[in-house]
Amino acid sequence: MKKLINILDFLPEELENEIKPMFHVKQLCQWIYQKYVDDFDSMSSLSKDLRLKLGQKYHFSPLQCVNFLQSQDGSIKYLFELNDGLRIEAVLLPMKKEKFDEKGKRISHTKYTLCISSQVGCRSGCSFCLTAKGGLKRNLSAGEIVGQVLWIKKHNKIPYEHRVNIVYMGMGEPLDNLKNVSKAVRILAHNDTFAISPRRQTISTSGLAKQIKELGQMNLGVLLAISLHAVNDALRTELMPINKAYNIASIMSAIREFPINQRKRIMFEYLLIDNINDKREHAKELVKLLNGIKAKVNLILFNPYEGSIYKRPCMQKALEFQKFMREKGITCTIRESKGLDILAACGQLKQRSEEL
Ligand code: SAH
Ligand code: SF4
C-alpha cells in the first residue's frame, strides 16, 4: 500500500497548488483543526472527488495515545506512540479555572497550557534529565509537533475559540530541530488552523547560542526561555555538557540580539537542586549575570526520579532564593510543580512505561 503523507506537515498555502481554489484549503483546515473531524469522508463541504483524492494521498493522525495519567491538580500527562513505534510525551496543564459571575454565568473559560515535545530523546545530555538518558532517537516532523496539540485539544473537547498557550518544554531540545519547530510555530499560529499567536508560544532551550541567533533572525515573534540552571561555566558544564559548546557568555550575547516585544521579557529557567546551585552566593551571581537584560526568572524545584543522583530542595530554600531576586528588582516566580504525582518532569512517564 502507498504510504500516506501527514497533511499536518503543511502550511495552508503549501496545499494551495494541489487543492484549488484557496477557499477549499480553508474549509479543509477548518474541518481538521477547528471541527476536529476524524476522516476526510466526513468533510461534507468538500466535493466527493476531492475527499477521495485527499484520502488516497494524506492522513492526519501522526500519533496514538498509549497511556495517560491525570494528576490531582488537574494536569494530564499523555504518552503518545508515533507511527514508527517511537514514543513521546505531552502534558495538558489547566492554568486558570473558569470564572462565573454572581448569577452563575460563565465570564471566562479555563486557560490551558500545552507542554509539547520536539524530539524523540535529546542529545544535550543534561545530568538531571531523564530524557537525556537514551540520547537522541530522531527529530519530530512539524506535523508530529502540531499533531500533539490537535490530539489534546480534540480529545479534551477544547473548542477552537479557547485560547491555549504552547510551551516547547516536553522531550527534546527544540533548537536542535529548529527547521521543524519553527514550521510548527507557523502552522499553529496560522489563522486557518489554531490561530495560536507566536506570543503565546514559548521555546525553551538549553542554550544553543547559534540557533538562538537563527531563531531571532526568523523574527517569528515567539517567546524564548533559557534553561540556565547554573551561573558559572564550571558548574553549568557539569550539569549541562552542552555548555562546553555554548558557554554562558555566548548565550548571553545571543540573547542580547534576540528580538523581543516591548512588553515581553526573556525567561530564565533556574532548576534548584539541593546543595548544588541553591545557595545565596548563586542567587547573587545570577543577579549580576542578568544585569541589563529584560529578564524574568522562573525557579523550578528538581523533580526526583528513581536513580537520580540529585535531591529536591525544600520549599523554604526556593522562597529564600526568590526573595533575594525580588529584593534586587528581578521578577521571580516559582513554577508550580504541577503533576508531581504523575511524573510530569520531562521524560518520566516514558521511562516508567518502558520499565513496566
Ligand atoms: N530541552 C529544552 C526543553 C525541554 S526540557 C530545555 O532544556 O530547555 C524543559 C525543562 O524541564 C527544562 O528547563 C529542564 O531543565 C527541565 N527539567 C528536566 N529534567 C527535570 C527534572 N528532573 N525536574 C525538573 N525539571 C526538569
Ligand atoms: Fe535535553 Fe532539555 Fe533534558 Fe537537557 S533538559 S537533556 S536539553 S530535554
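Cβ atoms here come from the backbone N, Cα and C positions, even for glycine.
The active site, proton acceptor annotation in TrEMBL covers Glu89. Per TrEMBL, active site, S-methylcysteine intermediate is recorded for Cys346. Taken from TrEMBL, the feature [4Fe-4S] cluster binding site applies to Cys122, Cys126, Cys129. Taken from TrEMBL, the feature S-adenosyl-L-methionine binding site applies to Gly172, Glu173, Ser204, Ser227, Leu228, His229, Asn303. As annotated by TrEMBL, domain 'Radical SAM core' applies to 108-341.
The predicted model assigns the domain 'Radical SAM core' (108-341) a mean pLDDT of 94.
Put simply, of the recorded positions Glu89, Cys122, Cys126, Cys129, the one whose Cα is nearest the Cα of Asn303 (S-adenosyl-L-methionine binding site) is Cys129. Cys129 ([4Fe-4S] cluster binding site) has a Cβ environment of 23 other Cβ atoms inside 10 Å. A simple Cβ count within 10 Å picks out one of the binding-site residues Cys122, Cys126, Leu228 as the most packed, and that one is Cys122.
Candidate binding-site residues: Ser204, Ser227, Leu228. Those with a Cβ under 6 Å from ligand 1, in sequence order, are Ser204, Ser227.
It is Gly172 that, of the binding-site residues Gly172, Ser204, Ser227, His229, has its Cβ surrounded by the most other Cβ atoms within 10 Å.
Checked against ligand 2, the recorded positions Glu89, Cys126, His229 give Cys126 in sequence order as having a Cβ less than 6 Å away from one of its atoms. Cα spacing between Glu173 (S-adenosyl-L-methionine binding site) and Glu89 (active site, proton acceptor): 13 Å, rounded to the nearest whole number. Around the Cβ of Asn303 (S-adenosyl-L-methionine binding site), a 10 Å sphere holds 20 further Cβ atoms from the protein chains shown.
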